[in-house]
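Per TrEMBL, the feature FAD binding site maps to Y358, 370-374, W411, 414-421, 512-514. The annotation domain 'Photolyase/cryptochrome alpha/beta' is assigned in TrEMBL to 118-255. Annotation source TrEMBL lists site 'Electron transfer via tryptophanyl radical' at W446, W499, W522.
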Amino acid sequence: MPAMKRKAAPTESNGIALNKDKCEEVDLAEEAAASPSAAKRRKVDEQKVKLDYADLSRFQESRIAEEHGIVERNFYPPVMSLERAKKYATGEIEKPFTTLKKALAETKQQRDAIEVGDAVVHWFRMDMRLGDNKALSIAAEKAKSKGMPLICIYILSPQDFRAHFTAPVRVDFLLRNLEVVQRDLAKLDIPLYMETIEKRKRIPARLIDLCKEWGAKHVYANMEYEVDELRRDATIVRECAAAGIAFDVLHDGCIVEPGMLTTNAGGQISVYSPWYRKWCKYIADHPDTLKEYLRPEQNPPEARQKYKALFDVPIPPVPEDRQLTDEEKERFHGLWPVGEDEAMARLNKFIKERIKVYHTNRNLPAGNHTSAISPHLTAGTLAARTCVRESLKAINKTVPTDDRENGSMKWIGEVAWRDFYRHVLCAWPYICMNVPFKPEYNNIEWEYNEEQFTAWKEGKTGYPIIDAAMRQVKHMAYMHNRVRMNTASFLAKHLMIDWRMGERYFMENLIDGDFASNNGGWGFCASCGVDPQPYFRIFNPLLQSEKFDESGEYIRKWVPELKDVKGKAIHDPYSRGAGAIASKNGYPKPIVNHKESRERCLARYKAGIGRATA
């Protein structure tokens, strides 16, 4: 008979208790059996937690958030208090980025003293490429210098996919890229071992076991900047060191390491423009920032025989809850080819054909004006560092500048936003915990209208530019950045629906879903994030449509009900004499009135911020 699990307390769900500082998973039945005293202490701690969450309004907020899928209670605690968020911001509660840096610093001497062993390991994460891959290159050089083989590993964690709302299309893209990586490594006699680990808390111990099995004493990986991953790596650094294994975590996803760009007072910069100027200067002062890392060379000839079984490991199966239909597979595979060669070809084509006029055409959703390489940046088939270096090389420059009238420089500035949002994530980690960057915006009265939320998701709001964008997502798992802003603003300000519901929907459906960038974009549009648009700036969908899709080409492509509407009526058919055509073809009338929605939004924001600052 399976062990009984008691009813979840405020910090538990489905028999999993969560430490609200570390979000660590603890199986209650396992704990009680292994350590009755620890279980008793947890009961006492739970009483303290109940006091922390005694405020009824916060219970209500957390309950609403759970009901609408904002808080994933299978993995995380309820919505944290604003006081607690402030403690993360001030460093009173240690930031996960600091936790990992401390683990690396405190074990450095111990790790440096560890001999190489029989092999060196590189752990692939979101860096699905052999070229310009910092950790892989350094691991390969370490192995070569000692005459030892390089072994690569990839661990699939279904719990991470669930906890982070990873889109099925993104999982499919990841696994298809993994096939390419496996093939390219095999040509170099480098094995890629892959394994699915159902419980993510088991990953550290399993990694250590594998290293012992292979006789490997050095492991390299590129850093992931999200809270869970930083804490996981801090744990692995210390546990590996205790086991006589050196685990090195390197900066690769960010061009400039988080924390390196600060205000004159030494704090993290929270406004993009001054941050970007310092980013450009840092690269100018540190030219190695854009250094290209070498690909691994051929493994020693005996490696294929010694690790023969590792070459036969199959690609992990797709978790049941992340499966695509056969039709979706065919569609997405055609839309999104995989591999670093494909990523580089896409980048080079963009630089050759479109980057010169990027600054003038980048906001037009119709046509082919942008690079559309974000899926490759997210999967790591292409490094942001490579993008900047290659675009500079094309115009005979070595450092970026803040020249907004130069297509290449403007595009580099857009790539830099990825760094900026990761820097923000490391400095203010509570944004990973369902709290807005501006915590006082938690007091805004949101709507949870499922009918209107469904209309938004399905592209049936009656606002053509919004509906075109949402239908593009459903078909391509991708959306142009200008209409990402339009759709996000519409949900948060016209419908007043909790922006976190939209944030989750994007993560669950976009092939380029990236937490830091997605959260930053939603925070900008809902005016509650870092460097946001002012809350009183509310995109008018009609004006946005007329300005950025003047001819209606984008709308006609994605909203076939309106393909026969002529002229400017395409932007607002029911108010411009095309209502009969729209109605006949089944296109809905607007679900909200712009003027009324704007007035409601301004009143709600003003009242919410007023409560927070009173």
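Keep in mind that glycine also has a Cβ here, set from the backbone N, Cα and C atoms.
A TrEMBL annotation is a machine prediction, not a hand-curated record.
Here the domain 'Photolyase/cryptochrome alpha/beta' (118-255) has, by DSSP, the following mix of helix, strand and coil residues: 68 helix, 30 strand, 40 coil. Neighbour counts of Cβ atoms within 10 Å were compared across the binding-site residues A372, A416; the minimum falls on A372. For A416 (FAD binding site), the nearest of the recorded sites by C-alpha distance turns out to be W522; the candidates were W446, W499, W522.
Counting only the Cα atoms, the space from Y358 (FAD binding site) to W522 (site 'Electron transfer via tryptophanyl radical') is about 23 angstrom. Counting only the Cα atoms, the space from A372 (FAD binding site) to W522 (site 'Electron transfer via tryptophanyl radical') is about 19 angstrom. Within 10 Å of the Cβ of W522 (site 'Electron transfer via tryptophanyl radical') there are 27 other Cβ atoms, across all protein chains. Nearest neighbour of D419 (FAD binding site) by Cα distance, taken over the recorded sites W446, W499, W522: W522. Sequence-distant neighbours of W446 (site 'Electron transfer via tryptophanyl radical') (same chain, 6+ apart, CB under 8 A from its CB) are M496, I497, D498, W499. The separation of W522 (site 'Electron transfer via tryptophanyl radical') from W411 (FAD binding site), Cα to Cα, is 21 Å. Residue pair D512 (FAD binding site) / W522 (site 'Electron transfer via tryptophanyl radical') shows a Cα separation of 15 Å.
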